[in-house]
Amino acid sequence: MKRILILVAAIGLTGAATAPALADPASDLKQFQDFFKKKFQTVKFDDFANGLYVLPGNEDYLEQWKAYNEFPPYELGLANGKKMWETPLKSGKTFASCFKNGGKNIAQHYPYWDQTTQKVRTAEMDLMDCAKRNEADFKFLTADLGKEQGARVPLAELTAYFYSLSKGQRISIDLSQPGAVKAYEEGKKFWWSRRGQLNFACANCHMDLAGKNLGGNQPLSAALGHTTAWPAQRLEWGRIETIHFRYMTCNSQVRAKSLKHGSEAYNHLQLYETYMSSGLPLSAPAMRN
Amino acid sequence: MTHTPRRTFLKSGLALGLVSAAAAAGLLKPARVLAAEWPKGAFESKKLEEAIQNLFGSAQATASGSIRIKAPLQAENGAVVPIAVTADLPNVQSIALLVEKNAQPLIANVNLSGAEGYFSARMKMNATSDVHVIVKSAGKLYSARQNIKVTVGGCGG
Amino acid sequence: MARQTRIRTKPQEGVTEVLVLVSHPMETGQRTDPKTKEKIPAHFIQKMTFTLNGKEIAVADLGIAVSKDPLVAIRVKGAKPGDKVKVAWSDNQGESGSEETTVG
């Protein structure tokens, strides 16, 4: 806890204004991953990609997770995503035509900094743009994704299929551009800022309290490995969902205002979180709780 | 009547008329036929013993250590609780799963006619409860049970 | 739109395990639609029949408390590579589905 407080104080985020730029992302990364390696010494690095199930004390949940994985329900959503990926769009082309290497083994670099537009881009954004360019008319192109589940879930399933084409690839995010580092810093600020009536920062629950159960049915996950399974299926939802949807529901859980699905703030958070899991293998889609 | 080849008979208007009449009478609807065999009374029973009685005509079951239940001690989520049952008994005819505290305890019953004494499924549980397994083996009923905790709240939700 | 019915087999403890996953709401009939305030009608798989090379080996009666997108598994002895395993299901609203696989 003391180390977290030192870090938080150093960044000056205990309620104060904007933080000065700290160490570079690479140093942040080492510190972040070392924290978890030290906290959970019995967990193999790659296993962090499997979420809270691998943390000590969750053996009963791990057994259940293995039982689900005998025939995971996300296969249903994934099959829907596969169908969307393979069905020619109005232009006659398929989604594969929009991506390098036909979309295979590239998801480990998402989200990425787009130097041309000077913005962070997620897989969902690239897939939607591809659909638009090829005259497709999916509901997710025009719906309010945060509110309309019926429009969002097909996007989640398509994105899940996209990620599945890179299963096992190790996360590798390019932050070599100055704009990328700035976006990363925005995401980092979000991560460490307290919010909501419960006044929690992401860091409070998912670092020091990782693996602990706050009295309900679900222990808190470790931030290391947070993004590797997404889009993911939570038992509670019974469907594949986007990581932005999870950010929205998590913000609500600490009684904070959720931001818009696809907002720049969530894109930056996703960039930060994904970078912090650098080196972990992609497992998406996967069962999470 | 002369022996009419079946294909010719079915193509004739008479066959069509009979089929239509049968369909109208609901005799050809597969759902109707299967629903008759589905043990409605047992599934709608609100008490454990009642459900067992309804299903088997008797609620007399002997506790058996030869029935292995693989289920969590604490369910991660009450809507999807995995359970697998292995019955190491001779001539296993059926395996039934019941959750005592559910509004309608009977979850499922599998009748085996060649398959092994094994059944697994995922079930919904309303609250912490004993899960009961009733196995019919060589005409007799055997039982086993395990408690499964179900909590709500925490960061799920 | 046909519901997905997925079936696979795998060797397990000296026998063949047959696993089935069906995309189905398994609606209990007890939930209320928050918008219409009406009870959502029960919609659940009632019967699941398993056959090996056309011969029935198990028939499962399911109720409302089987989870959404039900997974059901049975085991059978003596299945050989090339054998056909099939599952057929029907629900309380007259819907049905089936799928077949070959033992590897």
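Placed from the backbone N, Cα and C atoms, the Cβ positions cover glycine too.
Curation plays no part in TrEMBL annotations; they are all automatic predictions.
According to TrEMBL, the protein has these features:
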SIGNAL    A:1-23  signal peptide
DOMAIN    A:80-171  domain 'Cytochrome c'
BINDING   A:C98, A:C130  heme c 1 binding site
BINDING   A:C202, A:C205, A:H206, A:C250  heme c 2 binding site
BINDING   A:R246  substrate binding site
ACT_SITE  A:C250  active site, cysteine persulfide intermediate
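Residues A:F200, A:A201, A:A203, A:N204, A:L220, A:S221, A:A223, A:V254 surround the recorded heme c 2 site, their Cβ atoms falling within 8 Å of the Cβ centroid of A:C202, A:C205, A:H206, A:C250, which are themselves excluded. Of all the binding-site residues in the list A:C98, A:C130, A:R246, the shortest Cα-Cα distance to A:H206 (heme c 2 binding site) is found for A:R246. Taking the Cα of A:R246 (substrate binding site) as the reference point, the closest of the binding-site residues A:C98, A:C130, A:C202, A:C205 is A:C202. Here the Cα atom of A:C98 (heme c 1 binding site) is found 32 Å from that of A:C250 (heme c 2 binding site).
On a Cα basis, A:C130 (heme c 1 binding site) lies 37 Å away from A:C205 (heme c 2 binding site).
Between the CA atoms of A:C130 (heme c 1 binding site) and A:C202 (heme c 2 binding site) there is a gap of 32 Å.
Just so you know, of the binding-site residues A:C130, A:C205, A:C250, the Cβ with the fewest other Cβ atoms around it within 10 Å is the one at A:C250. Applying DSSP to the domain 'Cytochrome c' (A:80-171) sorts its residues as follows: 48 helix, 7 strand, 37 coil.
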